[in-house]
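Participant: According to TrEMBL, the protein has these features:
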| type | residues | note |
| --- | --- | --- |
| COILED | 96-190 | coiled coil |
| DOMAIN | 231-387 | domain 'Nephrocystin-3 alpha-beta' |
| DOMAIN | 461-585 | domain 'Nephrocystin 3-like N-terminal' |
| DOMAIN | 610-769 | domain 'Nephrocystin 3 helical' |
| DOMAIN | 780-1018 | domain 'Nephrocystin-3 TPR-repeats region' |
| REPEAT | 920-953 | repeat 'TPR' |
| REPEAT | 1028-1061 | repeat 'TPR' |
| REPEAT | 1070-1103 | repeat 'TPR' |
| REPEAT | 1154-1187 | repeat 'TPR' |
| REPEAT | 1196-1229 | repeat 'TPR' |
Amino acid sequence: MGTASSLVSPAGGAGEVIEDTYGGGGGEACEIPVEVKPKARLLRSSLRRVGASRPGGLIGASFKSMASVQELECAAEYERLKKEYEIFRVSKSNEVASMVKKEAKLDRENKRLRAELQALQKTYQKILREKESALEAKYQAMERAATFEHDRDKVKRQFKIFRETKENEIQDLLRAKRELEAKLQRLQAQGIQVFDPEESDSDDNCTEITDDWDAAVASLLQVTPLFSHSLWSNTVRCYIISTDETQPEVDIFIRNYSPKLQRICETKGYFFQVVHFPSENQSQFKDVRKWEIEKSFLVILLMKSTLSSCLLDDCEEAFLKNPEGKPRLIYRRIEEGTVGSDSVQQLIEQVCYVNKAKIIDHMGEVDEGAYEIANCVEKIIKQDILGYENTELEGKDLGNKEESTASEEDDFGDVLWDAHDEQEQMEAFQQASSSTCELGFEKYYERLNDLVAAPAPIPPLLVSGGPGSGKSLLLSKWIQLQQKHSPNTLILYHFVGRPMSTSSESALIIKRLTLKLMQHSWLVSPLTLDPSKLLEEFPRWLEKLSARHQGSIIIIIDSVDQIQQAEKHMKWLIDPLPVNVRVIVSVNVETCPQAWRLWPTLHLDPLNSKDVKSLINAECSSANIKLTKEQEKKLERHCRSATTCNALYVTLLGKMIACAGSEGNIDETLQQCFQCQDTVSLYRLVLRSVQESLPNDMDKDLMREVLCLITVSHNGVSELEVMELYPELSSALLASLVHSLHKMCLLTYGCGLLKFRHLQAWEMVRLEYMEEGQNISSYRQKLIDYFAMQLSQDRVTWRSADELPWLFQLQGDKQKLHKCLLNLFVSQNLYKRGHFAELLSYWQLVGKDKSSMAAEYFNSLKEYEKSCEGEKSMLCLADLYETLGRFLKDLGLLSQAVAPLQRSLEIRETALDPDHPRVAQSLHQLAGVYMQWKKFGNAEPLYKQALEISENAYGAEHPRVARELDALATLYQKQNKYEQAEQLRKKSFKIRQKAARRKGSSCGFALLRQRALQLEELTLGKDTPDNARTLNELGVLYYLQNNLETAELFLKRSLEMRERVLGPDHPDCAQSLNNLAALYNEKKHYDKAEELYERALDIRRRALAPDHPSLAYTVKHLAVLYKKMGKLDKAVPLYELTVEIRQKSFGPKHPSVATALVNLAVLYCQMKKRTEALPLYERALKIYEDSFGRMHPRVGETLKNLAVLSYEGGDFEKAAELYKRAMEIKEAETSLIGGKTPSRHSSSGDAFSLKSALSPNVFLEHGQR
């Protein structure tokens, strides 16, 4: 029959469906099976009663009674559950009501707190504004106070002079009155003020200054001007000009010798690029060829007997217009019976006269000619780029990795400096400041200057603006102004490139700024490379090094918001800065971190209509294009929004118009440009216009490939890499493409690499060509394959070390990244260039900690050691062991760093010699580990041994010796041996100062070597007129600094060089003689000065016109010297000649003539020749009255002199009358005591203002430009 539970199941058969009110299922219906177990006794009695009363219906009765019992039970259970549910519902309702009340209360509390917060923010903003207003008022008050102080001192001085003068004049007048009343019977000579020549209007002691201090400094800076791209670039660009006759030599040179030259340059971090336009393209690409010649470091001309007209133009540009003196090479194939054309002979003669070009005359086979060219090019590269001396060229194995890194260590020691990063920053600064348009920056300059002058402490200044608004241009222009006007201010700048590039890595930025500070502070100290410690210690370094610097320090970071995790890694900006440190950062408005928005902000507004017009007109005028009035009105209507008044947008617009103007379709181009409402869309139009200018689809595809490769790369790609990736791309086509993209502000060069000039150009190419992720992966893979192939060929360059691990990281291929990092030369390259943080981040991505990383490197080295044979490979192994030891030391794994450093020392002692400088390097590094480990007893003998080896190898005054002295001093300081440490530091400091004077700076790349060579040329050789002029200006500069001994050396050297180069009778020699004479006059060596002045006068009399200013200059100062020496008879003809020269130059009635007449009259008075002096005074008085009026101070001075002369002649009445007139003019002058007394029309009025301000009484002449 079954159980009771089966009999009472509801119709559904599965249980009751009850709504779940407990909130667990969110209102779902669930089935609850009901099981009822009635008591057995009740069931049996029910069955008996039903059976007894109804014998026939037992079964039916029992089921009915059972069902009723079941219903009763269910009803009871239901009531119970209902009550429980009701109780639960009520309790939950109470809880909900309580929660609602709490929520309402919290809401009210929240509103109250929000209101308080808003009130506090308003109060804070108000206080901040009041603070800024107070600061501004303070600065204004300080400025007013300074002005008042200056004016007060000026008035006090003037009043003192006025009072003394008046007292003397009153005494003189009273005395004259008494004597006149007594009919002049008892008149005494001392009763009237005696004329003093030093107080007259003579200009003998005044100066004709041709240049002021800033001009002298500017002239000096021309010794090291902004170099062209060929000297900055990391590419050794070789431009070949050839004829059809010499094409075989070109083909052989490119095919057989160019790869070798490329490997030579690779070892020093340079690219070697050959650019050659075939003969069929010589008539095309005129602008491109000119641009390539300007960029090229070396130009080679290969010819036989004739040159076409276009080749002659190229030769003139390359060989005759070569102001920087870049290397030039001419190869002539000579055959018997052939004579060169007249144009070729004339070119050779001009080149030999103007430029020191190397000329190769070859009469042999074509192969031999190509070999001679290659040898000469290799020698030029090694001497002028790699810096080897002639004695070093033979037998130098440039493929040796150990040698390739030695020079860097020789320059820097323990400091890991990336020359490419530094060069990239210098190039970024030069490119940013290359624009000639100021865009109305004057108002922004004032705000930046106020920041520098403001009292500390002051937060960083935020220069904000939209992308392309001109922030980089503003900062670079202001840096140039500060460097010119504030030479004592140390300016450290960093220009951040696009995101994820090397320039945006925070650890590298902080390390670079710290090293620059150390370099300028002459401080040599170990620097941690751990990124976290570096960021933590930078504020302390800044505080320490700023205290050592005498002037202000300005740190400028452009596009700081592009730095990876800027708020985290640049948190030192929030801390209070040292007193003499100012920080300026630029950000985009959209991406500026919220915490920085409270800083003082300088916002760059969009260009106004005037600036827009001037910028577009400047671009058009460069292309000789004139816009119509209608076109200008259209442009004015278009450029009204913030995006269309953006500086970069307007620049692109101007370039598009200039490009369209040469093709005659300006209106059509304008309509297309007007549809572009932002910079990215306008860049897209620029890209399409360049693409349409290409002749075929193949060239368009190649352009797309090049741009996509640059987009996916880490820091850009080189032209050499592009040509190796695409062999079908010729150098002529690539040069044309790059020229077009560079001209339209799409691409630029950075450290020899092609990069996007602006972030918007990079975004545009990404949107235009690389919307699909598959495209990005394919281009990355192309670069990966290229650099991986280089590794397989054992070509580990800084490029493969930079790009390959970064590309693996982006691809997410940890296995290949791990394998790449275990390539010892890749890791060595990254570490030695200071990319410690980058290397560490790669290992962290692979999932290795420091200990496991060290173990894997050590195991890899052990495996590599098994394959090493021969001295060179062992030395390379020693270098790898040393790098590993230094890396582990920087990681803090000191115990593990000792073993590789000891192994490196053992290998070098065995392979080289125990006294070799490389052994000293190993000893130094091992001692550094012991010192950091606080094992001073182990470190000291190693440092001393390294010092002894360095002194024996380099001499006692070499920078390497200074490094060992510094290390020993640091060791003694840690041992509290301060006296010994101080002695060593002083000795080291003197060595470094001498080395710095010899070498200039120690950055170690081509630009600074070029600068050093230029400065050496001034004193050691290469006698040229330009070098002589520069030496003269250096002498002037030192004279102005009152450094007379140094000035004498430079002026003597300038004179000697000019006499050798120009001849002893050249006018420039007279200039040097005059300057030397002025210097001896200042030193009171009057006899020497007299001889030199006389020689200068003799030369100028013969070489110059009688009224030439330089002749008058020498005449005047020689006359002053004669008068000072008491040789008045010799001075008279010179003063008379001065009058004559001035009459010829200015006319007989010019005030300058009157001044010369007064000077001559004063001389006659000193010689007691009053009759000769009187007409001169009277004539001068007439000129002054006619020129300035009867009440001018010059008239008063002349009247006073005439009164003295009349008195001495016995004409007392006339003397009194003249003196009275002089006093009336003097009294009228006192009303102008706060103004400038000399008239603006006076040619010598400035003489009085300069007389007391300038201590030297004779100044020097600057060279004529």
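Note that the numbers count up from 1, one per residue, in the order the chain is shown.
The backbone N, Cα and C atoms fix where each Cβ goes, and this holds for glycine too.
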Participant: Rank 231-387, 461-585, 610-769 by Cβ pairs under 8 Å to the domain 'Nephrocystin-3 TPR-repeats region' (780-1018) and hand me the top one.
Facilitator: 461-585
Participant: Averaging the per-residue pLDDT over the domain 'Nephrocystin-3 TPR-repeats region' (780-1018), what integer do you get?
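Facilitator: Average per-residue pLDDT within the domain 'Nephrocystin-3 TPR-repeats region' (780-1018): 84.
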Participant: Return the stretch with the most CB pairs under 8 A relative to the repeat 'TPR' (1196-1229), choosing among 1028-1061, 1070-1103, 1154-1187.
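Facilitator: Between the candidates 1028-1061, 1070-1103, 1154-1187, the best contact partner of the repeat 'TPR' (1196-1229) is 1154-1187.
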Participant: Quick check on the repeat 'TPR' (1070-1103): DSSP residue counts for helix, strand, coil, in that order please.
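Facilitator: Its residues fall into 31 helix, 0 strand, 3 coil.
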Participant: Summarise the repeat 'TPR' (1028-1061) as counts of helix, strand and coil residues per DSSP.
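Facilitator: Across the repeat 'TPR' (1028-1061), the residues distribute as 31 helix, 0 strand, 3 coil.
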Participant: Provide the three-state DSSP residue tally for the domain 'Nephrocystin 3-like N-terminal' (461-585): helix first, then strand, then coil.
Facilitator: 61 helix, 22 strand, 42 coil
Participant: Mind checking how the repeat 'TPR' (1196-1229) divides into helix, strand and coil residues in DSSP?
Facilitator: 31 helix, 0 strand, 3 coil
